[in-house]
Amino acid sequence: MVMLRKGEWVWMDSGTGVPIGARVKVTDTGHQLLVDDEGKEHKLSQKEDSIRVMHPTSVEGVDDMIRLGDLNEAGLLRNLLVRHRQGIIYTYTGSVLVAVNPYQELPLYTADQVRLYHGRRLGELPPHVFAIADTCYFNMRRHNRDQCCIISGESGAGKTESTKLVLQFLAAVSGQHSWIEQQILEANPILEAFGNAKTIRNDNSSRFGKYVEIFFNKDGVIEGARLEQYLLEKSRVCHQAMEERNYHIFYCMLTGMTTEQKKNLCLGDASEFNYLKRGDCIVCDGRDDAKDYTRIRTALKILTFTETHCWEILKLLAALLHLGNVSFEGGAIYGKLFIWIVGRINSVIHKTPTNGPKYVQNSIGLLDIFGFENFASNSFEQLCINFANEQLQQFFVRHVFKLEQEEYTKEDIVWKNITFNDNTQTLDLLVGKPLNVLALIDEESHFPKGTDVTMLNKMNQVHAKCNIYIPSKNTHDMEFGIRHFAGVVYYDSRGFLEKNRDTLSSDIIKLIDTTTNKLLRQIFETQLSANAAQTDGRKQVSTLSGQFRQSLDSLMKALSICQPHFIRCFKPNDNKKSMCFDRDLCIRQLRYSGMIDTIRIRKLGYPIRHTFKQFLQRYRVLLKTTVYESSVTCLHPLPIQDAHDSLLEWERERELNRKALIIQRLQHGFQRLQSTIRGRLSRLHYLKELAAAVTLQSQVRGYLARKSYKSKREAVTVLQAHTRGMLARKTTNKMRTDAAAEPEPVSEQEMVETMFEFLPHKVSVGGREGPAPEGFEVMLTTNVPVELPVVEYDDEDEEFSFIKFSALHFQGSATHSHITQRLRQPLLHHEDEGDTLACLTVWWIILRFMGDIAEPKQINQEPSTIIQKNLGQRQNRRLSNLVGLDQVLNIRPYWDLTLHSTKFNRTLFIPYGQDEIYCQIIKQLVNNKNQKSSLRGWVLLSICLGIFPPTELLIQYLESFLRRGPSSYCPYCAERLRRIVANGERGELPCWIELQAVKTKKPTQVSVALMDGLSVSLPVDSACTSAEVCQALAKKVNIKDTYGFSLYIGFYEKVWSLGSGGKHVMDAISQCEQEVRRKGEEEQHHASWRLYFRKELFTPWHDSSIDAVSTDLIYRQVIRGLKSGEYHSEKEDDFVQLAAMYYYVTFGSTNSVESAKNVVGECITTELIETKSQGKWIQLVTAAHTQGPYINSRRSTDSVKGDVVDYARQKWPIFFSKFYEVTQMSGPPLSKSNFIVAINWNGISFQDEKEKKLLELPYPEVTGVNKSRYEQAIPRGQFLLQSVEAGEMADLIQWYLEGLRERSVYAVALQDINRQDDPTFLSYKRGDMLVILKDGEYSSDRGWIKGTNERTGNTGAVSTDTVLVLPTLDKPSDTTLSLLNLSPDQRTVAQNAPAREEAVSPVSLKEFAYDYFRQPGKEGGRGAQARGREKLWAASKEPIKQPLLKSLVGNTDLSHLASFPSPILKYMGDYPIKQVRQPIELTDQIFGAATQHVPLQDEVYCQIMRQMTSNNSRYVVDYGWQLLWLCTGLFPPSQILLRYTQRFLESRPREPLAADCLQRLQMLVSMEPRKLPPHQVEVDAIQQDSNQIFHKVHFPNDRAELFEVTSTSRIRDLVRSIAYKLILASADGYRLMNICVSGGPATMPYLVIFMRKLWFNVTPGRDLTADLTFHFPQELPKYLRGYHKCTKEEMTSLAGLLFRVKVDTDRSQFVMIPRMLKELVPADEMKTMSPEDWKKHIIASYNKQAGITLDEAKVAFLKGICHWPTFGCAFFEVKQTSEPSYPSIIQIAISKQGVNFINPKTKEFLVMHPFNRITNWSSGSTYFHITIGNLVKGNTLLCETSLGYKMDDLLSSYVNMYEMQRQAVRPRNNSMFPT
């Protein structure tokens, strides 16, 4: 007996076999009653033994029925009932979702719900279809495995809606709002319209099955989808049961089409057509057919159905309706049309991946197939439908029960098998056994005489004994039954065979073949083709059941490879009523769905399995230690129960969160430590700045005090002067009559003339002799006033003031201004005592020259012994060649020249000695009141500026001083300073013509003699070099081929070369003058020197035909040389041949004795004529002329001149040579150690002083030159020579060698190369001569050339590292080749290069290779095994055929992607490239795959570092550093490789990019890796040796600035950098936008614009920079285009502000207002007033705003419009056809409030949708689609616009911003289990 209390819940017998819940009620009389769940009262009998107390979990219901205490049918049923009454339609059964159709709209499918369930674990939130969808998505991404969701249930249970909800959820969480997502979603309205209909049980019943497979990329983004349709119910087109309708599309088109369209198709109402009225149901409650038609047309547009397509479909549908009225059944046409539509949709939404055959997509499949059907009359369609449901039930049973329990048995888990309803026998009956039901139907269908009766009889005979099959009752009964898992169903066999055959007669096919309807022909294309090809009428065709079975088999195979998820849809009643729960109907669905057994096995079983490795990797975070035994493993998977899996996941997430908090605390602590340190450093910095400020303040106060004192002192001085003047005037008046007349003032020019009157009246120019200069005279002995202005030098405010220099660098109390006494110490500091004495002596000389001290009476003293002693210590400074200022100053002849020269020369070579001289002169010029002294000082400074430059310490101060000098000397001295700094210090005394130039302050003209007898006059100055003279002369006479021409100077009988380099011309002239004085000819102050321009050197590749002018000059030089005896030969025939050619050039082909005589006289030396008679020479020359080859050929004289030049070049190379005196320090022994090296085009010659050859070296035998000490390597040995001109020698030889190698086609092999396995390469042996083919196929700059082996005749690529290109234009002799068969030591020298020294021994990957590289030799190839394991980490020019890392060798998918070794070799130059390729192509190949596949990233690092290790080519290594630099900006290496990479970089500190790579690597470790290979600008930058990348950013106010970006710069970083630089209040809301520029430069075809994107927190006036730079220029165009609604008063006020912005305060522009209206007034409002009225109002407004600035006017404009609701909106004008109540053209304005629809004509708001009501949106190339409301019954709007992508982006940005704000304030609920 059960004791019950009031209110207690119990189970009681319901009379139906399933107990019902009841509650104890006590009546007023004290009797107990039971009130059951249906509200019925039952008396409680004392003997009631069927009553059981209800478990508490069954009272209120549970989310997951596994947790029910009453785990039975009654418990499950009541749990669904209780939740249904609470309005809760979703319930879990483990991971299976039970969904009860509510038959009403519930607020469960909003965008907020999508965001709520995304990323949450199953069970964390209340049950929901979104939770199952998110589980599919999460598992797909977690396990990289395809998923499927099987949605089952009876018709009307809500399968289609659940499918749509899952699909919409997946599209939403994909997060891209892409057009493909919208196209997939839009397939549903079309499929529902053509495949769904109203039935008795369901207003939107799917009359076909579909399987939707959605494809995702590895980032979880939808890339496409594919639809499969199954068994459309074609019979519905022609027949419908009562209260049922035909397919929706017919009713929608008839209500939605326009009258004109219906008229064209002869259509009326639905009641007029037999096909639509047979069910006696035209209208379906709850459906708006007209609105649905608009929705369908929108969907067709989105899925790219053209208007033509749509019209053809409508025509075909209309034709079907008309056929129905003539008793014709057209179901086949409709079925084919449906298949064509599905195919058309698939062609749009399903694209084959273009990423290659190995590209893998994951997918989620959604199966929405017809539910189990059992009607009063069931036909062939119901049999197929129920067969499909049997297959799905078997799949469910197999997955949930069979496989689970078999796995437990296999793994020896203690388990008691659970019995479950298995439908295997039913499937055997239908398709499994031989002669199964469907096979018998097919068999009978193929018999021509087969009927439904014969078919039924066979089925009865074969299956009569089967307990699943129920045969017909008698021979007249056409029904048979089958016991399905959901119950017994009886089928009427009438019409089975006809429906199964599913064929059209050939007559109908032929009729269709005659149609002109393209769509009809297209949908029957297969049948038409088959009918045309059919020759045998007995050809067997497939049946409908066969096709269906085949489709179903492929479906089951697809499902079997996926991880399945199940949604069981239940309908609570058959009447489609809300809040009505039919217990009998629901218990039946529970039973056949297997829910009870599912609960039991889910509760007790272990459905979750992990491998040991997966389990350890995922849950190792829960370990209490980081140490574990890696060798421990388990071969079997680890089974886990659902609850345990959820618990583990919860614990894992909690532990991750805990450790993340620890890391955050450490980071925060570190940040606090950093902030503390920064605070201390900031305080120290502040204290330093404070001290500096105090010092600066004290200095400033001192300066101001001194300035004040100075001004007061000057005032007192003026007062004193006036007083003294008054007294002096009295005395002067008395003395005036006795005073002699003062001489008149003389000018500065007159004074200079007087100073230089010691010069001769006519000074020689360029060697033209003039009168000798007279003796020096004492100048300016009379004190005469001069008009040279006194310049004040109070320039301390300038940056490089001489006052500042003196304060910083002068010693003691020395000041910057003029004095007249001797110094006690030099102005600048000098360590040496002798240096100090020399500087003081110079000061004494300067004072005497400037007249600041009196001259001594006698100058007879000898130099002091101290001076001589100090001089002896400095003899190695070549004092005799130094410039002595005293020699310039010897215009006073009574000075001791020796003493002064010695002191001044010494001063030039002491540290800062030159600066000392300049400082002393400048000091005496500053504030010098003595005009005569000042003029002398400027003359002295001018002379010095032509001799030696100041040091870097003084030069800027000297330039500043000269800028403030007198106008007569300032530009002159500045130019001399520039010239002496540019050309360097002189080496000799200034010459006489320089003094003449100082006198006139103009360049000197010198005459240069050419070899053709002409002379050219050129201007020169003190700093002029031989190079400048040669260049100027070549330009003047138009010489193109200038190489080898030099400037010569002749003096008496000597001529020597000044070259064409940096030698000073005036030094050579000065040497001539010194030689005159040395010979005792002091009375002659000019020297008979002359300058010549002649050929000194030839190049080995000289071509006389290039430049006729230079050839003519050389020709004249040769002829002159012949006559003068300069060129001599032991063979007289040489002279005869040259004379004959001269004969032809001079006189042509004519012969005469007189001409021959002239030729002999002009070409043959007198000595030779005297040796052999003149007549004999005339005879020889005439004969040679007559027989000359040029006589008959009539060659031009220019070409014969070239022959003369070439003859002389070949005959006398020694006469066209550079000569250098050298001393041999080491090398092969020669007869002398001191000799002369002659260098010419033919080679190098060692000669003694008598021109005897010691050694002759052709260039092919010279293998290398060391420029630092002139070390010359040859095959015979290595010479070490010492010379004062060693650098010039080495440069000349190196230039010849490089030029010859560049032009040479001959090379010799330095080592054996055997590459027979690769035809690209040439094989050769050491010593082989190779002929280089310069056809441009390979680039020598990249280290590869194309060559032919002379020995073998083969041709291929040759590495320049393995050969020596011979510096020769002719084929080398065998002797030379034998000499070039070098030893390894000599080969090192030959390959030139000094080894790079490393401060730290470079680290390689050798150690890393031992553990992580594969075994060597596996890639095959000759010598692979011999290379050994350690060779894998060293450079090789042979591409490897397998990855280096052994972890990749077995991975076939990634191994083929690791194709970057060859691109790496090609980029670095270790592999030949036949054609020129852009570097970006190679970098894409190198890094492209690695950016997509993380395991390849370490391989890239290893390949690059390997190729940089032990690589002898500097060129190749440099390109390797470029790749490593790019790599360290893309992705970091793994933690294992990271430390090796860091050591690799740290061990190469001298490499320019090593430190930068290390820094980039450290930054990259803490960042997300890049997703794409390097950009073009990165590759271009590093190719130009620049690691800085600058990008121009434009702003809306037409400004632009450059900002530096790096490889790791992110958009947000650049945005913040720009905001920081612009001093914006915040970077939030701004964006970078790319705009493509057509016709722009190829390197930059776009502009980057920085502008405000999101208009939130915008208050005009708060951030002035933002207002002026962004807000005003962005809002003004919107206002002028007329987007805002505003009043007339507002417009006139704003126009006044805009007018002020345009003209500021210029009132004269008032007249221009009518023409400026389009810049002041909205475009659509301009005509509301006349231009004059606008002008009047604008002027009035302008006057009211008087006194404000332009910036204030802009801010006022913003303040005037900021209160408008459209302020900050982005406007888009679109065309729409979705909403009939809206105009066709509307404006969409997106702002921070939401999306506004505006009527563009009235500017009135049609509607405003906040962001939380926007469910979905997407954009295509010409469309934008938006869904408002929930996912079930949302309103959609399709807009035609080309700016959909902008709307999409802006809408996404606003939504993401608000979502981030919500997440920031909303704590995440993780409370799945109690803590």
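Even glycines carry a Cβ here, placed using N, Cα and C.
Unlike curated records, TrEMBL annotations are generated automatically.
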Per TrEMBL, the range holding region 'Actin-binding', considering 552-574, 621-643, 1219-1241, 1679-1701: 552-574
Other parts of the chain folded back onto the region 'Actin-binding' (552-574), taken as Cβ under 8 Å at six or more residues beyond its ends: 80, 84, 93, 95-101, 103, 129, 132, 135-136, 139, 143, 145-154, 156-159, 162, 166, 201, 211, 213, 228, 230, 363, 365, 367, 371, 387-388, 391, 395-396, 399, 580-582, 585-586, 589-590, 593, 595
Among G156, G158, which are binding-site residues, the residue with the most C-beta atoms within 10 angstroms of its C-beta: G158
Local Cβ density at S155 (ATP binding site) - other Cβ atoms counted within 10 Å: 22
Neighbourhood of K159 (ATP binding site), C-beta criterion under 8 angstroms, separation at least six: I151, S152, G153, S206, D368, I369, G371, C569
Nonlocal residues around E154 (ATP binding site), in sequence order (Cβ under 8 Å, 6 or more apart): R201, G371, F372, E373, A486, C569, K571, Q589
Env. residues of ATP site, Cβ within 8 Å of mean position of G153, E154, S155, G156, A157, G158, K159, T160 Cβ: N101, N202, G371, C569, K571
Helix, strand and coil counts within the domain 'SH3' (1302-1368) (DSSP): 8 helix, 25 strand, 34 coil
A157 (ATP binding site), number of other Cβ atoms within 10 Å: 25
